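Q: Please see the structure below; I have some questions.
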Amino acid sequence: MGFTGFGKKARTFDLEAMFEQTRRTAVERSRKTLEAREKEEEMNREKELRRQNEDIEPTSSGAHVVRDCSKSSSRDTSSSESEESSGSSDDELIGPPLPLKMMEEPSNHIEEDILGPLPPPLYEEVEEDDDDDGDSEEEENPVQKIPDSHEITLKHGTKTVSALGLDPSGARLVTGGYDYDVKFWDFAGMDASFKAFRSLQPCECHQIKSLQYSNTGDMILVVSGSSQAKVIDRDGFEVMECIKGDQYIVDMANTKGHTAMLHTGSWHPKIKGEFMTCSNDATVRTWEVENPRKQRSVFKPRTMQGKKVIPTTCTYSRDGNLIAAACQNGSIQIWDRNMTVHPKFHYKQAHDPGTDTSCVAFSYDGNVLASRGGDDTLKLWDIRQFNKPLFSASGLPTMFPMTDCCFSPDDKLIVTGTSVQRGCGSGKLVFFERRTFQRVYEIDITDASVVRCLWHPKLNQIMVGTGNGLAKVYYDPNKSQRGAKLCVVKTQRKAKQAETLTQDYIITPHALPMFREPRQRSTRKQLEKDRLDPLKSHKPEPPVAGPGRGGRVGTHGGTLSSYIVKNIALDKTDDSNPREAILRHAKAAEDNPYWVSPAYSK
């Protein structure tokens, strides 16, 4: 045909492999440059040590020192200068006082002073002690970093706020509750009235269990009480809905979706468009936004005897390579994302059997896992030694299957909420120090349970969802960024005076000028036209009274006979005497005796 390479297949590029290759080359280059720098530094150190030794050797002869103190002092200063040039950070402390001190001391101690490394370590020790004191003060008071000096309250509704989501940039907050509503709050667009700019019911009559923004911030995963998770965009329009599985198939790996109520869901932290859900059908499934017709993979939690067990919560690790799920038998199971058969870690009785573990969360460094149990405990686990909990805290009542916990942005604190019965005190936000697991701080939120908590790393603000329909935002004007600080400074807009005074009129569409029919200038011409029209000038038929006439059935005629009469158009206009009606035809019979007379004559 004249085309070169017409039937050849187009080249495909594996972008992930290319990115991995470039990352490796960059790491290799940086390692080589670091090694070269270290070699240079070692050589410089050796040179400086040689210089110092050369300077010190002449001073070892006592005769020169006793003979000329001024020379020794000048040599001291030169040695101190060389020490300064060697990169010691204590130049201002070593400085001028040393020569005076050496001049005052006897000559037999001058050599020890000139050998000089002794004073700098002393000063360094003092400085290190000071630094340690400062660090210990900071470590002792991670509470000072908690941004709780100010708060704002967002009114979601009257029922429990069971889901909170904040986009990665911290510009928009999304709340969901037991009233089926999902509300969108824009911090930059709100004023001091704190009103949501959009409210919708994406899952109709199902309670919202979980809301989470994707790592790019352009999609929201909505997990409700139904068996189908949904993904909506930033403005609330549906992007995809997961397919419902076949509930009559025994092996849950052979069906394309969940068959029972969902519990929670989570986005993959690195891969765009991948997320995970767990359900009452005893499976954890991963999905891709581009393929809503079937899940990507299925993880089936099992007891040690191999029986099914329902996962109540699930999450990805920070690097996305591990999937953790907590189950109703009290176990925590962790899989490799690409190995769906056997869990990598399995701890049998992490929490009491029969209780719903409501949250598992990985720390920012990825080594520690926190679990919030339905047995009123919070436990900390090291996934490198997953044989017993590092710490455990009890006395944290929970009455909701989605009470969660989270780590502070600096990984030093762990936060969770407590539940209370109605009218029996106030729900609290409790802070634990990660290193010692001491209960270091708590905030009284409101006279209802604290269900959701979220500590955003960029904003440094804490969002709290409560059992009485409130979403609270805690911030500090000095430590926090943007977020609630943007809308607090805006004054509430006043309603316009004209809008309050005028009444609301109901306007039908045809009252508007664009829909109005053209009106005739003169009605007389129209009447004349109507008189000439036979349809418009026809007198309407009067209603039928009695049994009916002229083929029209009376109002009482609802029987079969009346229907037949109506169809054959029987004429009943002759209302005269029957005898006269018969005799009317007597003359015609006499003139033309065809029917009756011949018959009687025979």
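Using N, Cα and C of the backbone, Cβ positions are placed for all residues, glycine too.
Residues or ranges marked as compositional bias 'Basic and acidic residues' by TrEMBL: 23-54, 65-74, 102-112, 516-541. Annotation source TrEMBL lists compositional bias 'Acidic residues' at 81-93, 124-141. Residues or ranges marked as compositional bias 'Gly residues' in TrEMBL: 547-557. Annotation source TrEMBL lists region 'Disordered' at 23-149, 516-557. Annotation comment: TrEMBL describes 154-186, 255-297, 360-384 as repeat 'WD'.
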Q: Residue list, the repeat 'WD' (154-186) vs rest of chain: Cβ under 8 Å, 6 or more residues beyond ends.
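A: Long-range Cβ neighbours of the repeat 'WD' (154-186): 194, 196-213, 215-217, 220, 222-223, 234-236, 400, 402, 449, 451-454, 456, 458-459, 461, 463, 465-473, 481-483.
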Q: Treating G and I as helix alongside H, and B as strand alongside E, what does DSSP give for the repeat 'WD' (154-186) in helix, strand and coil?
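A: Helix, strand, coil within the repeat 'WD' (154-186): 0 helix, 19 strand, 14 coil.
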Q: Where DSSP helix means H, G or I and strand means E or B, what are the helix, strand and coil counts for the repeat 'WD' (255-297)?
A: 0 helix, 19 strand, 24 coil
